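Per TrEMBL, these features apply:
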TRANSMEM  A:53-79  transmembrane segment
TRANSMEM  A:91-110  transmembrane segment
TRANSMEM  A:143-159  transmembrane segment
TRANSMEM  A:192-209  transmembrane segment
TRANSMEM  A:221-238  transmembrane segment
TRANSMEM  A:245-263  transmembrane segment
TRANSMEM  A:269-287  transmembrane segment
Amino acid sequence: MSAADDISTILSSGIRLTVPLAFAACGEYLAERAGAMNISVEAMMLGAAFGSIATASATGSATTGLLVGVLIGLLIGFVHGNLSHRLEINTFVVGLVLNALVLGLTSYLITVSTFDSHQVAQVSVPWLRDIPLIGHPLFVERWPVYLLLVIIPLTWWLVERSRWGLELRAVGEQPQAADVTGIRVNLRRRQALLWCGALAGLGGAYLAVGEVGSFNQNMTAGRGYIVIAAVIFGAWRLGRTLLGCALFGLADAMRLALPALGLTLNSQLLVVAPYLLALLAMLLFATRHREPRALGQPFERGST
Amino acid sequence: MSVSREELAPNAFGSRLLALTRPGPAAWQNTVATAVGVVVALLLSSALIAATGGSPAASVQALFQGSVADGTAWTTTLLYTAPLLLVAVGACVSARSGVFNIGQEGQVLVGALFAAWVGLRLAVTGPLLLVAMLLTAALAAGAWAGLSSLMYRFRGVNIVVSTLLMTFVAQQLVAFAVNTPWLLQESRVGDAVVSPQSNPLPVSGRLGSFGEYPDLQVNGGLLLALVGAVVVAVVVARTRWGFRLTMLGLNPLAAKHAGVRVNALGGAALAISGAFAGLAGAVLLASPVGVNRLQPGIAMNIGWDGLLVALVARNRPLLAVPVALLFGVLRSGGGFLAATGVPPFLVDVVKALLVLAFVAPPVVTAVIRRRRAGARTARAERRPAPVAEEVAL
C-alpha cells in the first residue's frame with residue numbers, strides 16, 4: 001500500500017459521502033433562494049432512503065426503488081409546502097415535526113420488517129478509470145452519481161437563467177414586490193419545495209440503494225442538517241454550496257479513514273467542522289447580504 | 001392549575017393587550033378542529049399498529065401500564081416530565097418574545113456538561129454542590145444560547161439557524177469531553193477498558209426524592225420544574241418585564257417605538273430559554289432517569305421533545321405542565337411497548353402526529369377566516385358604488 005493508494009481510497013470514500021449531500025444541496029439551494037427554509041430536508045432524505053430499499057426489496061429492482069425514493073421526497077416536499085406555504089404554519093415547526101415523524105415512522109417500520117439488500121448497477125468508464133489517483137474514485141461509481149452531471153447545470157439554469165427562477169429569486173428577496181407584479185409567492189415556494197423534495201429524495205435513495213444497499217435506523221444521521229450547513233457555507237451560491245458538500249464529504253471520509261491510517265486527529269473536530277464552518281461563514285459574510293432577504297419568513301398577502 | 005388570563009393580567013392596559021391572544025370567537029372552531037386532529041392522529045397510529053400485525057388495544061394497555069398504572073410507573077413518568085417541562089417553560093419565554101429557539105437539545109447537553117464538570121471537580125459536599133451544579137448549568141447553557149443572540153445582534157445571523165447549528169456543536173463538545181482523559185472521561189481502574197462517559201456523580205450531587213410513598217418517588221427535579229413554570233407564568237403575565245416581552249412578541253416595531261430595548265430583551269429571552277434547557281440537562285444528569293454519569297446520549301431528545309411540548313401548549317407555561325406530563329407518559333409507556341411486539345418508536349410517531357393536531361387548527365382557522373373576509377371585500381368591491389351616486393344627486 002502506498003500513499004497514492006491511501007489518497008485514492010479517501011478520495012473515493014469522500015466522493016461517495018459527497019454525492020448524497022450534493023443531490024440534496026441542489027434542492028435545498030433552490031428552495032432557500034425562494035425564501036423557503038425547510039429543515040425537513042433531513043426527513044426527505046431519510047424517508048426516501050427507507051422507501052427506496054423497501055420498494056427495491058419488494059420489486060427486486062433497485063432502479064424502481066430509486067424512483068420511489070424520489071417520489072417520497074416529493075411527497076414530503078408537497079406536505080411541507082402545503083403546511084407552511086398554504087396553511088402558513090411556521091416552517092421550522094413543520095420541519096421539526098416532519099423530521100420527528102419520519103424518523104419515528106422509519107425506525108418503527110424497519111424494526112417490524114426485514115428487507116433484502118439491493119444496489120443499483122455500477123458503471124466503470126473504460127480508459128478514464130485507469131488515470132492514476134483520481135481515475136478509480138471518479139469513474140467507477142454507481143450510475144446515479146452521474147445524474148449529478150445533469151442536475152447541477154439544470155439547477156443552475158433553473159435559478160439563474162429561467163423565468164421561473166427569476167420569479168423564485170424575487171419571491172426569496174422581496175415577496176411583497178413579487179406579489180404586486182403578479183407572481184404567486186406561496187405557489188412558487190411550494191414548487192421550489194417540490195424540487196427540493198425530489199432531489200433530497202434522490203440523495204437519500206442514492207445513499208440507500210446506491211451506496212449501502214440496505215437501510216438502518218436513522219440512516220441519514222443528520223445529513224440533512226449538513227446540507228443546510230453547506231448551503232449557508234456556500235453563501236447561497238450553487239458552486240460554493242457544492243464545494244461545501246465536497247469539503248464536508250471529505251471531512252467525513254477522513255474521519256472514517258484516520259484510524260486505518262494510524263493518524264490521530266480529533267474525530268469530534270471533523271464531525272463538527274461543517275457546522276462550525278457554516279457558523280463562521282455566516283459571521284464573516286454577514287455584511288455582504290448574500291442571504292435571501294425573506295429567507296424563512298412566511299408570506300401573507302396584505303401584511304408588510 | 002388553570003389560572004385564567006384575566007386573573008393574571010396586571011392592569012387594564014395589560015389585560016387589553018393580553019386579550020389579543022385570548023381565545024376569540026373562533027375558539028370553539030379551534031377546539032373542534034383540535035379534537036378532530038387528535039382523533040385522526042390516534043386513528044392513524046392505531047392503523048399503523050394494526051397494519052404491522054400488532055394490536056392497538058394491547059399497545060394502549062402497555063402504554064398505560066408503563067406510565068401510570070402503579071407507583072413505579074408514575075415515578076418513571078415524573079422523572080421524564082421534569083426535564084421536559086423545564087425545556088418547555090424556557091421555550092415559552094423565548095417564543096413569547098418572538099425569538100424562536102430550536103437549539104434546546106444542544107443547550108440541554110451544555111447544561112449537563114457543565115453540571116457534570118462542577119459535580120465531579122468542585123470540592124464541595126452537601127447540598128451546596130447540587131446548587132452549584134444547577135446554577136452553573138443554567139448559566140452555561142444561557143450563555144450558550146446567548147451566543148446566538150450576540151451573533152444576531154452584531155452580524156445579523158438568523159437565530160433559528162444558529163441555534164440549530166449550535167446543537168450539533170454541543171453534541172461534539174460533549175463527545176469530546178467524555179473521550180478526553182484530562183476533561184471528563186472516566187478514570188481507568190486497573191486494566192479495565194474506559195468508556196466514553198464520565199465518572200459517576202458523588203451522592204451529594206444527585207437530586208433526592210421527596211415525599212417517598214411505598215413505590216412512588218417524586219424527584220426534586222419535578223419540584224424545580226413546577227416552580228419554574230409558575231414563576232415564568234406569573235412573571236410573563238404580571239410584571240412590567242413580562243408585559244414588554246409579550247409586546248415584543250406581538251409587534252416588535254410597536255415595542256421598539258414604545259421604548260423597549262428590543263435587542264436586549266430578545267437576547268435575554270433567548271438566554272433565559274437556554275438557561276431552562278441547561279437546568280433540564282443538570283436534572284437529567286442528577287436524577288435517577290439516567291446513570292448519573294455524563295454520556296454523549298444523555299439528552300435523549302428531551303430538548304427536541306420539550307420544544308414540541310411548548311408548541312402543543314401554545315407557549316403557555318402553565319398549560320405546558322399537563323402537556324409535559326402527557327409526553328412523559330408516552331416516554332415511560334414506550335418502554336413497555338416492546339413486550340407487546342410493537343416497537344417503542346411508535347410513541348415518536350404518535351407524538352409528531354399529536355403536535356400537528358395541536359399546532360395546525362388555530363393557523364388553519366385563521367387562514368380560512370382571512371380568506372372569507374377577503375372574499376367579502378372582493379364581492380363588495382365588484383358592486384357599483386351607490387354611495388357616490390347619492391352624493392352626486
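Positions of Cβ are set from backbone N, Cα and C atoms, glycine also.
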What stretch in A:53-79, A:192-209, A:221-238, A:245-263, A:269-287 has the biggest tally of Cβ pairs under 8 Å against the transmembrane segment (A:91-110)? A:53-79
The recorded stretch from A:143-159, A:221-238, A:245-263, A:269-287 sharing the largest number of CB pairs under 8 A with the transmembrane segment (A:192-209) is A:143-159
Outside the transmembrane segment (A:221-238), six or more residues from its ends: residues with CB under 8 Å to it: 20-21, 24-26, 28-29, 32-33, 39-46, 99, 152, 155-156, 159, 200, 203, 207, 244-245, 247-248, 274-275, 277-278, 281-282, 285, 288, 290-292
At a C-beta cut-off of under 8 Å, are there same-chain residues at least 6 beyond the transmembrane segment (A:143-159) that contact it? List them, or none. 15, 19, 22-23, 26-27, 29-30, 33, 66, 120-123, 165, 168-169, 195, 199, 202, 205-206, 210, 238, 242
